[in-house]
Amino acid sequence: MPRLWVVIAGIFQSFANLIYSIILFRNISVLIFGWISCVIIFVIYWSMRKISAKNAIGFGDVTSASMIAQALVLFGFDCLIYWFALVGAVGLLWLLLWKIYCKICSPTNASIPFVPVEAISAILAALLSITTSSILGS
């Protein structure tokens, strides 16, 4: 993923967070929390990238995770927690399905794309956050 796209996407997401925050709360709290979550997730993923095996986590995974974290802040902090947990669960399922796919369709040892895991987990976390907040009435 070109880094320019990452920067442009971050700017647009910041703008969306700003509009949402001003309309709902009449301040810029969601924008600030979005930036903070973006930086924290970036640092966590960057650290995992540094301590894991070579090429286990690509820089695209790191940047996409930080952009997803910035977007998920719109659903609340609990959504980020759900997302982090779901990345692990969906990642294990994705790993199994990818290995089966590679055995059936292409016998090469292709690297496993991880951004779809992050995206699917983000959608599930947002839905889970909406569902739990409507059930609990908060």
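Residue positions begin at 1 at the first shown residue.
Note: Cβ is positioned from N, Cα and C throughout, glycine not excepted.
According to TrEMBL:
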TRANSMEM  26-46  transmembrane segment
TRANSMEM  81-102  transmembrane segment
TRANSMEM  114-136  transmembrane segment
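Residues 10, 13-14, 17-18, 20, 57, 61-63, 65-74, 77, 80 of the same chain lie 6+ residues outside the transmembrane segment (26-46) yet bring a C-beta within less than 8 angstroms of a C-beta in it.
Sequence-distant contacts of the transmembrane segment (114-136), counting only residues of its own chain at least 6 positions beyond either end whose CB sits under 8 Å from a CB of the stretch, comprise 57-58, 60-61, 64-65, 68, 71-72, 75-76, 78-80, 82-83, 86-87, 89-91, 94.
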